[in-house]
């Protein structure tokens, strides 16, 4: 279970900034870093186990029927990425402390950052395909929040939307690929998948699965043609760019290809797709990096280019190519994070990232100049730095691969071209900023930043030198287990700076010399680009999105004329056609089961139900009468449930009817008392035919199903309710135990709906009418004495009954949902009798936390079962002897039911109580009469005398 804390600690760390943000930035920064630091220490503590050949794993059963377990592993590949994610993440936390302005919400920024960190750790450690996909999507959501952190900037919002759209679409493709992969293997367990490579490659569905998985990986790692989102994401604060776009998010797709390498690599299709996409991305992005005029723009395209390099190595797929890919992942994260930090320092201290306004900064910022020169040299592949070693390994593999026939001769040439462009844009990045004279003055006088702001970049620059000089000492401990995790077998290798005079060294020399020459000529190159500008892929993307939106709008215009009647007509017609097709395929409507005898009570009830239903429709223009008819329909349905031995359903239906009636009565207060006649006779006839036909089809389908002998699931629940759930009330046991996950989702939706409605009503103010539509003045006494007296008696009785219904729910009709509605009705009666202002002075607490607490209690009850190795939401029960009370049964499902109770109370009162606060004192009588006819008006003026009406 210790392993579980490594991904769990960063998740818990999301709460830390919210708890410490009000205590000052230094404490918030320090507290935010604590849990990731502990997770990093726990990761490194697993090194002895990895050295012994063990792979620590932990698995908690979640939805075993779907093969979904909350499973994590820490092999060498996970170790490598965890060190990068958590280690560089800690440096980013320190860097952001100095980078963010004092006026910015640093606590919110840290919360987003830690959420992203936790999602990346989850990806790195996931031991189940669906768990990996869950964290994959969480990175998209959290990166959207980080990229759009400066939401007041249009380019930040645009970059966040673009990143979310592209990576989200890739995530959908990845989900389809994972499901297909799991179906091929017969399991979603990562270890089973990794050991089934031969089975996967031999399956005819392999090409489709491979394309889907690679689409997800390419979209996340900004590979061509999905590369365009990454430069636009540079609108994020520099700490975000330094973290997401160097060591974490853009490496997620690379990680996925490395993780699944034993299972889905090794085919010609893999080599062709991955290598070609990688080499195109590498050269194409390097060319754009050379011509960009913005510091972060250059770094963005250089990142895409280096990701292409790593992709090429994974496409080649030889053991040494895999080693080179993993080694360059480490090196690139090191120098690129430092370069992004330096660009942020320059922007922070000089006020711009535009190369035209930067130059000769070496004198004003000497230390930053040294750091950026070191890391820029590492990016260019200059000898004595870490980037040189991995790039020379890349050249070696490009020369030795022969998987593409004659085309294999082109790969070294393209690799060298990529190296030339890498040297050129690296030289431009350093020389133009620190040594070349600027064409325009910067907005601010540049100077060195605080030392601690520069310290993370300095540390990474030192690592670039140490790894470059002593690669075996500095990196083998990470590389050896990582390569073994990808290849599923150990690999003998030796990382060294010098391998003698050979062809890869000559390619490096050519790249350095030609790169310097290319930089010298870069102004002519940029002039050529201005004369013949390349097509911007982001504009193509925006055009496609715009085209889709336009087409969708045209289709909507053909269907949607803002008429609810048209929508209902289309919906009911489609339902009628589908149902009639199914009914027409039946040989006979009557099955083998006989009909039950009809007694007089049932017949009278059915006739009343029919007549009141018809009456509701007939009297719909008189809203109050229609509402009364509708309440009778609800009462008759409740009695029907009771008649057929479903007391839980009867209680639930009755409670819902009461709450619904209150809600509708409150809503009717703001509407005209009569509905204008809108339907023509032709429409009325159409509606009658449509509803009659649909009612007949539904009745026929129900009759067909009910008269046939089919296997029922009821026996399972009846047999297992007591031994499995500890309750004799089967309905309640189903809700809080067998189908507890469904209930958790439902109360979550209820809480979200309540919060949304609360937000809509919170600032809404409507004028209270002085009279009705016929000119009759409303009674001046808005809180009648009789209602006030009754509420004083009903409230304690309602609370007592709700407690009784709650406690008996596991074995007798009742439960948290019904008890919550009873409590809500009792409280809302007080609101109606006394008014919102009077009641809230005495119930001085908001209902939003109550609903959220309810969902939290229900969820934590489910998580608690994991502590005992049981699946999520597994309940436990036992009999206990309590003095003076005697033997009593207690079940953990009661805690879950308590969460349901709180969620229902909070959500219901959020809606009903706030609906009564939206009125303001009335206008003069004539204006009131006109307002009543037109519908009431909105104003944001607060109520002067605080007299709200419910």
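Using N, Cα and C of the backbone, Cβ positions are placed for all residues, glycine too.
Any TrEMBL annotation is an automated prediction that lacks curation.
Among the residue ranges 567-586, 707-726, 927-946, the one that TrEMBL annotates as transmembrane segment is 567-586. Feature transmembrane segment, per TrEMBL, maps to range 206-230 of the set 31-55, 206-230. Checking the ranges 57-78, 79-100 against TrEMBL, the transmembrane segment annotation falls on 79-100. Range 743-762 is the one annotated as transmembrane segment, of 743-762, 763-782 (source: TrEMBL). Checking TrEMBL for transmembrane segment across the ranges 6-27, 270-291 points to 270-291. Proximity of distant same-chain residues to the transmembrane segment (206-230), defined by a Cβ-Cβ separation under 8 Å and at least 6 residues beyond the stretch ends, is recorded for 136, 139, 159, 162-163, 165-167, 169-171, 173-178, 180-181, 184, 200, 245, 249-254, 256-257, 260, 264, 267, 269-270, 273-274, 277-278, 280-281, 284-285, 300, 303-304, 307-308, 311, 536-538, 541. With pairs at least 6 apart in sequence, the transmembrane segment (79-100) and the transmembrane segment (457-480) have 3 or more Cβ pairs within the 8 Å limit; the two touch. Within its own chain, the transmembrane segment (684-706) is flanked in space by residues 569, 572-573, 575-576, 579-580, 582-583, 586, 589-591, 593, which lie at least six positions past its ends and keep a Cβ under 8 Å from the stretch.
Same-chain neighbours of the transmembrane segment (625-644): 601-602, 605, 608-609, 612-613, 615-616, 619, 650, 653-654, 656-657, 660-661, 664-665, 668, counting only residues six or more beyond its ends whose CB sits under 8 Å from a CB of the stretch. Nonlocal intrachain contacts for the transmembrane segment (109-126), taken as residues 6+ away from its ends with a CB within less than 8 angstroms of a stretch CB, comprise 3, 6-7, 10-11, 13-18, 21, 28-29, 32, 35-36, 39, 71-74, 77-78, 81-82, 85-86, 89, 92-93, 96, 100, 132, 134-136, 138-139, 142-143, 145-146, 149, 190, 237, 239-240, 243-244, 248-249, 252, 255-256. Packing against the transmembrane segment (367-389) from elsewhere in the chain are residues 302, 306, 327-328, 330-332, 334-336, 338-339, 342, 345-346, 361, 419, 422-423, 426-427, 429-430, 433-434, 448-449, 454, 457-458, 460-461, 463-465, 467-469, 471, 495-497, 508, 511-512, 515: each is 6 or more residues past its ends and has a CB under 8 Å from a CB in it. If you take every residue in the domain 'Na+/H+ antiporter MnhB subunit-related protein' (786-909) and average the pLDDT, you get 85.
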